[in-house]
Amino acid sequence: MWQLLATLSCLLVLTSARSSLHFPPLSDEMVNYVNKQNTTWKAGHNFYNVDLSYVKKLCGAILGGPKLPQRDAFAADMVLPDSFDAREQWPNCPTIKEIRDQGSCGSCWAFGAVEAISDRICIHSKGRVNVEVSAEDMLTCCGSECGDGCNGGFPSGAWNFWTKKGLVSGGLYDSHVGCRPYSIPPCEHHVNGSRPPCTGEGDTPKCSKICEPGYSPSYKDDKHFGCSSYSVSSNEKEIMAEIYKNGPVEGAFSVYSDFLLYKSGVYQHVSGEMMGGHAIRILGWGVENDTPYWLVGNSWNTDWGDKGFFKILRGQDHCGIESEIVAGMPCAHQH
């Protein structure tokens, strides 16, 4: 099924590129065009010497995939603030502030999940359990239930995997933090940087059920389990209530080429071709110059966007941002 969806999303990208009269992606012309529109956000360059195949590969969320059961509505009884930032609400949970880097791999579906899961384990243990959950374990061991690894996957499958098989700890590339740190290096977005070049190539690493040398406990004993996984309705208030009560969530949306140029403000699509689906972590909301927004963490390193974060228009299901919200709860007995 996912092969069909992946093919369809590729076709979408191709047809939209053919029919587009827009400026070349990542071009100065596109930056200038967006900034002349006087919209709610500012454009600039985040990627300099990268191949477009790499950028398309980053968009590895297969939209409209399998759905998790929807949780019961509870927002009606809640008084929600005008703005909310999980980083400030739970300051003793450092993963909420963290931005990771998925490298040359379409693993955003895994990153959005493990980032929000890490946050929630800390939040629901009242700060007692601080763990970077392993994107490597999710990416390499989930298998076909999650899609196709670096070639794209389903956020819903990721949360389901957490409840069924659990996830070990694992930090950033070369961090030697946790049982299974990420094995794909960050690649170079800039002209004269020191990281390897960004390409659209890259196979999914193998599933290894062994922790890296010197780490204990064992792989089996390092697993953190979810006790539930669910989707949240596309109702704006329900999504806000979920984040307010339980912590950051994973979402996914359609990326157009103008989004790649985001620097600050509240993103809304202005111009450019559809690149694919992208999964992210939503950690709050607010209003900027009368424009309501979601506060979102990306997985394209801290030199992208606003130190790795961005804001996107809230309340209008813009680019589908409110249609694919998934989350879950950690098992209390682990704490």
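Don't overthink the numbers, they just go from 1 along the chain as shown.
Note: Cβ is positioned from N, Cα and C throughout, glycine not excepted.
Taken from Swiss-Prot, the feature signal peptide covers 1-19.
The feature disulfide bond is assigned by Swiss-Prot to Cys93-Cys122 (among others). Cys122 (disulfide bond) falls within a helix when secondary structure is assigned with DSSP.
The annotation disulfide bond is assigned in Swiss-Prot to Cys105-Cys150 (among others). Long-range Cβ proximity for Cys150 (disulfide bond), meaning a same-chain Cβ under 8 A and a gap of 6 or more residues, is found for Lys57, Gly60, Cys105, Gly106, Ser107, Leu139, Ile184, Gly202, Asp203, Thr204. In the three-state DSSP classification, Cys150 (disulfide bond) falls within a helix.
The Cβ neighbour count for Cys108 (active site), using a 10 Å radius over every protein chain in view, is 30. The active site annotation in Swiss-Prot covers Cys108 (among others).
Marked as disulfide bond by Swiss-Prot on the basis of similarity to another entry: Cys141-Cys207 (among others). There are 14 other CB atoms within 10 A of the CB of Cys207 (disulfide bond), with all protein chains counted.
The disulfide bond annotation in Swiss-Prot covers Cys142-Cys146 (among others). Under 8 Å, Cβ to Cβ, and six or more positions away along its own chain, Cys146 (disulfide bond) finds Trp109, Ala110, Met138, Gly153, Phe154, Gly157, Ala158, Phe161.
Positions annotated as disulfide bond by Swiss-Prot, on the basis of similarity to another entry: Cys179-Cys211 (among others). Around the Cβ of Cys211 (disulfide bond), the same chain contributes Val168, Cys179, Arg180, Pro217, Ser218, Tyr219, Asp222, each under 8 angstroms and 6 or more positions distant in sequence.
Annotation comment: Swiss-Prot describes Cys187-Cys198 (among others) as disulfide bond. A coil conformation is recorded for Cys187 (disulfide bond) in the three-state DSSP classification, outside any helix or strand.
In this structure, Asn192 (N-linked glycosylation site) belongs to neither helix nor strand by DSSP; it is coil. The Cβ of Asn192 (N-linked glycosylation site) lies under 8 Å from the Cβ of no residue that sits 6+ residues away along the same chain. For Asn192, the entry in Swiss-Prot reads N-linked glycosylation site, with the evidence type sequence analysis.
In the three-state DSSP reading, Lys220 (N6-acetyllysine) counts as helix. Listed in sequence order, Lys209 are the same-chain residues six or more apart from Lys220 (N6-acetyllysine) with CB atoms under 8 A from its CB. The N6-acetyllysine annotation in Swiss-Prot covers Lys220 and rests on similarity to another entry.
Marked as active site by Swiss-Prot on the basis of sequence analysis: His278 (among others). Secondary structure from DSSP puts His278 (active site) in a beta strand.
Residues within less than 8 Å, Cβ to Cβ, of Asn298 (active site) and separated from it by at least 6 positions along the same chain comprise Ile99, Ile280, Trp304, Gly305, Gly308, Phe309, Phe310. Annotated active site per Swiss-Prot: Asn298 (among others), in sequence order.
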Spatially speaking, which of the disulfide-bonded residues Cys187, Cys198, Cys207 is closest to Cys142 (disulfide bond)? Use C-alpha to C-alpha, please. Cys207
Long-range neighbours only, meaning 6 or more apart in sequence with Cβ under 8 Å: which ones does Cys122 (disulfide bond) have? Trp90, Asn92, Cys93, Pro94, Thr95, Ile96, Val129, Asn130, Val131
Which residues, sitting 6 or more apart from Cys198 (disulfide bond) on the same chain, put a CB under 8 Å from its CB? Phe47, Val50, Asp51, Tyr54, Ser104, Cys187, Glu188, His189
Students should find that the Cα atoms of Cys108 (active site) and His278 (active site) sit apart, in Å rounded to an integer, by 6
